[in-house]
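See structure below.
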Amino acid sequence: MTSTHSASSSPSRAGAAMTDSSHAPGADTGAAKRAKTSGLTDDSAGMSYLDSLPRRLITVMLPLLVFVFVLLFPFYWMAITAIKPNYQLTDYANYSPLWVVGPTLDHIKYLLFETTYPYWLWNTLYVSFAATAISLVASVFAAYAIERLRFKGSRWVGLGIFLAYLVPPSILFIPLALMVFKLGIYDSKLALIFTYPTFLVPFSTWLLMGYFRSIPYELEECALVDGASRWQILIKVLLPLSIPGLISAGIFSFTLSWNEFIYALTFIQSSENKTVPVGVLTELVRSDVYEWGSLMAGALIGSLPVVILYSFFVDYYVSSMTGAVKE
Amino acid sequence: MADIAAHQASHSSFRSWLSRVGQGRHLLGLLFLLPAAVFLLLFLTYPLGLGVWLGFTDTRIGREGVFIGLENYQSLFDDSVFLLSVFNTILYTVGASILKFALGLWLALLLNQNLPFKSFFRAIVLLPWVVPTVLSAIAFWWIFDAQFSVISWALIKLGLIDHNINFLGDTTNARASVIAANVWRGIPFVAISLLAGLQTIPQSLHEAATLDGATGWQRFRYITLPMLSPIIAVVMTFSVLFTFTDFQLIYVLTRGGPLNATHLMATLSFQRAIPGGQLGEGAAIAVAMIPFLLSAILFSYFGLQRRKWQQGGGD
C-alpha cells in the first residue's frame, strides 16, 4: 500500500493515476473531486472515474457488501448465541434467532467458573509464547547465516527451509506422537513447545530471509570495517533495522501456534493440559445435548486474543502473509 | 604458577579458536544455523523418515512393529473406505480450490477498486483466516445444525424451501457443506494475497489499453491475468497443499461421516492411527498423500519458472 498522498492535495492524487496530469485537465480535476468527496487516500484508484456512480454501486459495492456479510455472519452468530438464554436458543417460533431478548452472561460464567476453560487459555498462551520465542531466536540466526554469511551450501539450506515449510502437520503427527511418547513428554506442554517450531521455524526463517535481504549490505560492511564482530553486527545493526520483520514473524507465529489443532489433539490427554481449540471441542461437547451457548462462548473467547492482536498489527499481518507468498 | 600458565594457555587457545570461528564464514554460518537445524532435523526430517518406515510396519499403540513390506499399502488398495477417502480428498481439494480462487480473485478485484474505508474493509475481510479454524468450524457446526440451522430458518422465512435442510446428515449435502466452510475460511487468504499482486500492476498499462479501445474484460484477460499469474501459482499451490491435508474442519463438522462421505485422507489416517491404534496403517495413509503433494509443488514450481522466463526475469 502506498498511500502517500492525501485527498486534500487535489491534483497530485489524480496525477499519480494519470501518467501525465497536464494531458487531460478535465479528467484530472474530476477524479480529484471524487477522491475528495469519498475521502480516500489511496493511489491505486486507477481509472474508476470512468465509471458512473450507479454502475459502481451495483458492480462494486453490492458484491462487496455480500462478501462482507457472508464472511462476518458466522462471527455475529457466534456472539449472539453466546449471550442468548437457553430457552431462546431453539425456540424460533417465538423468538427471532437473529437477535436476543434479555441477553445473559450465564454461558460465559459457566465456562469460566465451572469448567477448566481458564486452564486451556493459560496453556494456549504459555505454549504459543514459548514456541514463538524459541522459533524466533532460531530463525534469526538461521536467516542471518543463510542470507548474509553465505557459507558453502547456503542456497541449498535456504531451499530446504522452504521445502520444510511445505511439509504439513497431518503427515507428521503419527511419527511425532511415537517420538513424544518415547521422549516421555506425552501429555505435557513441552510436547507442544518442541513440536510447534517444526512449522514456525521454516516460516519465520523464510520471512526474515526476505527481510534481511532488503537491508543494504553496505551498513554491514561499514560495521565490519569499524571492527565489529558478526555477532555485534547482527545484534546492533541488523536486528534494530528488522524490528518490523520480527514483529511480523512473531505475531504470525503466535497466531499459528494459537490455532494449532492436530498436534494438541494427539499429544495431550488430560483435561487441564489441553489448549483452547482442543478443549472446547473435546470437553464442552458432551453426549447428544450440545450446549450451544457455552460452546459458542468458548469459541468466541478463544478467538478474541488473536483477533485483538490482529487488530493492532493488521499491516504487519498482511505483510507477513503476502511476504511469505511473494518469495 | 604452572597451573595458572596452563590455564592461561588454554584460555588463549580458546580465545583464538573463538576468533577463528568469528572470522570464518563457513564455520560461523554452521554455528548460527545450529539451533534451527537441530529442531528441524529432530522434529521434522527424522519423523518424516520415521513415518515412511512406520508405513512398512505393523506397529500398534503400545507394541513395536515388525517390517511387513508393502502389506499396508496392499490392504489399503483393497480397502473401499481408503479409496473413497482418496476420491473425497480430490473432490474436496479441487472443488474448494476452484471456488476459493474464483471468489478470492473477485474479492481482490473489488478491494482493488477506489473505495471508501478501503483499509477497514481489507482488515475485516481477513478475519475468517485469523480466527482458529476449529473455533470457527464450531460456529459452522451450529449454523449447519439439522434442526436449528439459521440458514434453513432464513430460507423458510423467504419461502424458498418448506422443510429444514439436512446439512451434515446427507452425503451430498455434507460434502457441499464442508467445502463451503473451507471456502469461507480460504477466501481471505487468496483475496488478500492476490490484492497484493494486483497493486503491483502499473495503472499505465490499463490506461494504454483503454486508449486503444480495450473493454474491461479484455483488460482483465490480457493485462491483469498474465501479470498476476506468478502470484496466482504460488497462492494456489499453498491453498491446494493446505486443503489437501486439511484435518480440523472435517474433524469438527462430520468426523468423516455420513457413511464416510467426507472422510479425507488426513482424517482417515488419524482415525486409524490414534483412536484405532493402528499406527502403521495410519502412517501408510499419510505417506500416500506425499505423491499428490509433490506433484502439486512441482506443477506450481515449473509453472513459476516458465513465467519468470517469459517476463525476462533472471536468477
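Cβ from N, Cα, C; glycine included.
Where the annotation comes from TrEMBL, it is an automatic prediction and has not been curated.
Here the structure is a predicted model, which means the values were calculated and not measured.
Marked as compositional bias 'Low complexity' by TrEMBL: A:1-17. For A:1-41, the entry in TrEMBL reads region 'Disordered'. For A:57-79, A:119-144, A:156-178, A:190-212, A:233-256, A:295-318, the entry in TrEMBL reads transmembrane segment. What TrEMBL records for A:121-313 is domain 'ABC transmembrane type-1'.
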Criterion met for the transmembrane segment (A:190-212) and the transmembrane segment (A:295-318) (at least three Cβ pairs under 8 Å): no
Stretch contact, the transmembrane segment (A:295-318) with the transmembrane segment (A:57-79), Cβ-Cβ under 8 Å, 3+ pairs: yes
Folded-back contacts onto the transmembrane segment (A:233-256), same chain, C-beta under 8 angstroms, at least six residues removed: 128-129, 131-132, 135-136, 139-141, 144, 148, 196, 199-200, 203-204, 207-208, 210-212, 215, 219-220, 223-224, 306, 309-310, 313, 316-317, 319-321, 323
